[in-house]
């Protein structure tokens, strides 16, 4: 049965359309296999829906705001970007398990984290079709950032097994110069382009 939480209001920025901040927490009885960990979240396969994963925020990793507020804002920003046509790792609901708050999101099988790729901790496949998809999606994201004049705080991506690039874990979306965000996209695009140039030699 859903548990209702009174998450605090989310700060608004000029020009950003007002998307209702979700505040309802759904208690889940269990989580599946652990898929990985980031700087703030532990990620598990969902037992409620095999197409989803559960991203639980670890305590004391969100600074001065609560885990509830942090998760609600990330869910809100993800939905806002999706409404603007950006490719995102879709997020569906706020959840609670084992006294931790989190988000139910799409489970991207065999996903690569863009930060791992950009910092040479992992390598994307050299397959031509894969890298063409990465470049196409990067170009689309750059175009939309320019069109909407957006800066995405802590911009990062997951790349699926076909080279499709999706924005993941957006911390904030601000109406501002997009150049810093575009530079981040170009880092990933350059790696895919280099793979294509190497393949053409």
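Every residue, even glycine, has its Cβ placed from backbone N, Cα and C.
Predicted, not measured: the structure shown is a model, and the values here were computed from it.
Record check, Swiss-Prot: ATP site residues include 39, 40, 41, 106, 108, 113, and the candidate from 48, 156 also listed there is 156. In this structure, the C-alpha atom of residue 41 (ATP binding site) lies 15 angstrom from that of residue 154 (active site). Across the fold, the C-alpha of residue 113 (ATP binding site) and the C-alpha of residue 154 (active site) stand 13 Å from each other. Listed in sequence order, 113, 114, 115, 167, 168, 169 are the same-chain residues at least 6 apart in sequence whose CB falls under 8 Å from the CB of residue 156 (ATP binding site).
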